[in-house]
Amino acid sequence: MAAAPWLHLSRRRSSTQTSLRSFLICSSSFDSDEFISSQSRVIGGRGEEEVRFSGALFSRMIHSSTYHPYRQIPLPHSSVQLLDASLGCRGFSSGSSNVSDGCDEEVESECDNDEETGVSCVESSTNPEEVERVCKVIDELFALDRNMEAVLDEMKLDLSHDLIVEVLERFRHARKPAFRFFCWAAERQGFAHDSRTYNSMMSILAKTRQFETMVSVLEEMGTKGLLTMETFTIAMKAFAAAKERKKAVGIFELMKKYKFKIGVETINCLLDSLGRAKLGKEAQVLFDKLKERFTPNMMTYTVLLNGWCRVRNLIEAARIWNDMIDQGLKPDIVAHNVMLEGLLRSRKKSDAIKLFHVMKSKGPCPNVRSYTIMIRDFCKQSSMETAIEYFDDMVDSGLQPDAAVYTCLITGFGTQKKLDTVYELLKEMQEKGHPPDGKTYNALIKLMANQKMPEHATRIYNKMIQNEIEPSIHTFNMIMKSYFMARNYEMGRAVWEEMIKKGICPDDNSYTVLIRGLIGEGKSREACRYLEEMLDKGMKTPLIDYNKFAADFHRGGQPEIFEELAQRAKFSGKFAAAEIFARWAQMTRRRFKQRFMED
């Protein structure tokens, strides 16, 4: 296959150039029997050759580590469905279109964090202007005592479930105004919440770890007969993410109480949630307790494998792999990709290459995800020529590259400041029928932001809008931070206004970026207003330069500002934040008194 015009690399396929296949096959130090053992046995009713991980390889890997007996193999989130859509639980997939395409880990993790906890997406028939009117009232009046509810009453709204869901979506990072609106709607004559609106509120409470209120809402749903599997999944995942293992398992008891069946999909969801929270050992203990009560399937073992890899225990991962085989299950491409990615992330590149070779020679054949995993790692290590060899081999194998693969290459070349190559890649994506997606644009914006080119980041944002791709909150956070870093405070605030105009609810990071920018601009009084807004909304206290913040108010003769913030935080139930502000109030008073004595 001829090299693409954007490569700008001398890569002629000749005797002087080693092809990818030769590169893999000629790994002379590789003995596949050391890596795997092949046995002939009947799997699934037919004679096939199975692959087992030998103890020898893992023993060598473990003893080469300074972290004995653990290896560092954190696996990234997959963006694919684990269960049916009704459960909304993410998991693994062999489909290439569902590759976790966050070639930039920060972009990926923040996008993951921004993902909904599990509320079903249903097309809405609500008038956008009506949603905007309601949100404006809430945004302007929620901090006041009862004015918000009074104004909402005067609006004579035609309440619908779609309207409630859309408004809650707009305030998904601001639990207090969201919950006040939810409670107000519940009291309106002629309106009653359904399962969907309850689950929307459950998701917000779960995300902000308001577990006591979340369980109360769940039990209220139970008394009204509105519980769904999605409700339990939201609660289960929330407790697991907070490492509240016992409470996560306790959801099973609530399911029994309300006569819900606990099947393999439900158990898989809990095991997966525990594994993602790096509670692999706890997931294994739970599995061992329950395995006699249900029939584990391939996904069960895959989520356990992932869980052990995330806590860097390859010995247990290998045991799960071999247990899978002993149960008559043949590890599929998903399980292979989990192990492949784990080896790369633990910096065992040579072993990952060997496993990739085994997959090509003995199966299952690598899919687009497999190639993306390899290409992503080479790009992160700036081994762009090798990354392109894998890209060419993928195409030669009959696989079609998707936006995820291109995003990896774009990130790699962009990090090396080869922007001409980046733009050629973007052009090829369009020509090949794989236009940039949201993560591609976010990766580009981050590249521009890191290189202190906020104007270029804005141009990419405009292109994103032109192509009808909705920006995420992370998109705005990156551009806003980029402008503030460049000391272009006016544009930084303009990005904030654009985000609000787009109807995107600012999260903790958004407020932190804005407040830091305002403090840097010397506008601590305005920053204080947004800090108070965060506290009123029930958000976390931001990490900011409190020294600069205090100095500004000290110079302005306003040492009492931290006392006011401490009282506000205490009133909002943010006791840790109240203590922080109280300490700063004490220091500021002391400094002010010292200055007064000197004068």
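Every residue gets a Cβ built from N, Cα and C, even glycine.
The following features are taken from Swiss-Prot:
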TRANSIT   1-99  transit peptide
REPEAT    194-228  repeat 'PPR 1'
REPEAT    230-262  repeat 'PPR 2'
REPEAT    263-293  repeat 'PPR 3'
REPEAT    297-331  repeat 'PPR 4'
REPEAT    332-366  repeat 'PPR 5'
REPEAT    367-401  repeat 'PPR 6'
REPEAT    402-436  repeat 'PPR 7'
REPEAT    437-471  repeat 'PPR 8'
REPEAT    472-506  repeat 'PPR 9'
REPEAT    507-541  repeat 'PPR 10'
Residue distribution over DSSP helix, strand and coil in the repeat 'PPR 4' (297-331): 26 helix, 0 strand, 9 coil
Per-state residue totals over the repeat 'PPR 10' (507-541) - DSSP helix, strand, coil: 26 helix, 0 strand, 9 coil
Composition by DSSP (helix, strand, coil) of residues within the repeat 'PPR 7' (402-436): 26 helix, 0 strand, 9 coil
Contact set, same chain, for the repeat 'PPR 9' (472-506): CB under 8 Å, 6 or more residues outside the stretch: 107, 110-111, 114, 131-132, 135, 169-174, 438, 441-442, 445-446, 448-449, 452-454, 457-458, 461, 464, 513-514, 516-518, 520-521
